[in-house]
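Residues or ranges marked as transmembrane segment by TrEMBL: 12-29, 41-58, 78-97, 104-123, 143-167, 179-198, 210-231. The domain 'DUF6545' annotation in TrEMBL covers 242-377.
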Amino acid sequence: MTDRGPHGLFVQLEWLGLALMWVVTLLRAPVAVRTPQQRPLWLAVGLASVAMTLQLPQVSSVATAVLDPHTVFLAKEIVGLLAATAVFEFISAIVGLRRTQLAILAAAVLTLAALVTLCVLSPPHTRHVVPSGPGQEASPDTYYWVVLLGYHLVANTACVAACWACGRQVKNTPTRAGLLLFGTGIALSAVLMALSLVHVLSRDATIPHLFPAISGAEAAFMAAGAALPLLRRPWRTARDMAVMYRLHPLWRTLVRVTPDVTLTDPRSRAVDLLSAVRHSDLRLYRRAIEIRDGLLALEDYSPEGTLARAREHVRAARVADASVEAAVTGCWASAAVANKRSGAATSGRPSGLPQSGGGDMAEELDFLLQLARFFRSPLAASFLSAEEQRHRAAPTGQAS
């Protein structure tokens, strides 16, 4: 829309941002083909990539050397309008404003008709640029630019408000971050359109030098926001691996003293994690089951009264209510593991495993993470020491 030199401010940033947009567009293409729900986002990002690429002076020069210049410039603005409309439609759909989609399309059609009409009624011109000085070629009149930039500004502002409002309410971290990043990119687009409108009305030649920097940052933020859904699976894998990393010491201890609960021998933490990358969710589920089975197998090595003493020990330590059951289980398990290692099987009725854990997998993992922390804590160590002293002090035949 504006003449700008090839060495404007942060031109490299503009090229980098566009490159990221195209990378995301290409990476999302297979997903869009397989999943109809992903196609609106892919179309919006793809059209935005095309529209921003066509605004580059180098691309415009090549296109006008082959095709009619007036047609090229008008096509650039039509593609830009379609891109803004596609983004608006996509954002409206994901925030639940599907009833407004028909109104958005109607506004886009009316704006397009107005642009073509104003272009025809404008003085003869071959280029669609906002002249910054009297020596430049003629372009469509001011009304043309006000209508075009006004549509972009209104659409972008509405998209930003919807993205940020919805992003703050979403609980899923990648989705929330994606909406906020995408909304930030659209906000920069709105800033670009507002500055362009100021340039149309003032013809200030310094304003266009800011455009490459803003455009590049806009593209980078939009690309980052659109790329985050692609990172959902890697994000889940990384989260699962982090949980497995923290559970590994507890799991390794349990499977070494109760080897029947697992099909494979315990390995180093690094090897264990690397082998779980491909199916981390299934491996984590199996890991939780193996820990539970290991605890159940230790019941025969927990003398009657151990659980009650563990609970009293935790109560005396004033552990927070939300962590009491995990702390009790950690103390109980440390004593049971020590008995298993010494071969001291329980005679008589054993002290059962504490009835604790979560109602679903997420709650169960939270509980096991707390258990892993308490299992190696000073609290469990002091309980184990007290149990050993009690065992030594008890008369022969009554230690259990």
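The backbone N, Cα and C atoms fix where each Cβ goes, and this holds for glycine too.
Note that the coordinates shown come from a computational prediction; the quantities given were computed from them, not determined experimentally.
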Seg_contact(the transmembrane segment (210-231), the transmembrane segment (104-123)) with at least 3 CB pairs under 8 angstroms, min sep 6: no
Three-state composition of the domain 'DUF6545' (242-377), taking helix and strand from DSSP: 95 helix, 2 strand, 39 coil
Close approaches to the transmembrane segment (179-198) from elsewhere in its chain (Cβ under 8 angstroms; 6 or more beyond its ends): 1-2, 87, 91, 94, 130, 145-146, 149-150, 152-153, 156-157, 159-160, 162-164, 166-168, 170, 204, 207, 210-211, 214-215, 217-226, 228
Feature contact check the transmembrane segment (143-167) with the transmembrane segment (78-97), CB under 8 Å, 3 or more pairs: yes
Criterion met for the transmembrane segment (41-58) and the transmembrane segment (12-29) (at least three Cβ pairs under 8 Å): yes
Same-chain residue ranges lying at least 6 outside the transmembrane segment (12-29) that approach it to Cβ under 8 Å: 38, 41-42, 45-46, 48-49, 52-53, 56, 212-213, 215-220, 222-224, 226-227, 230
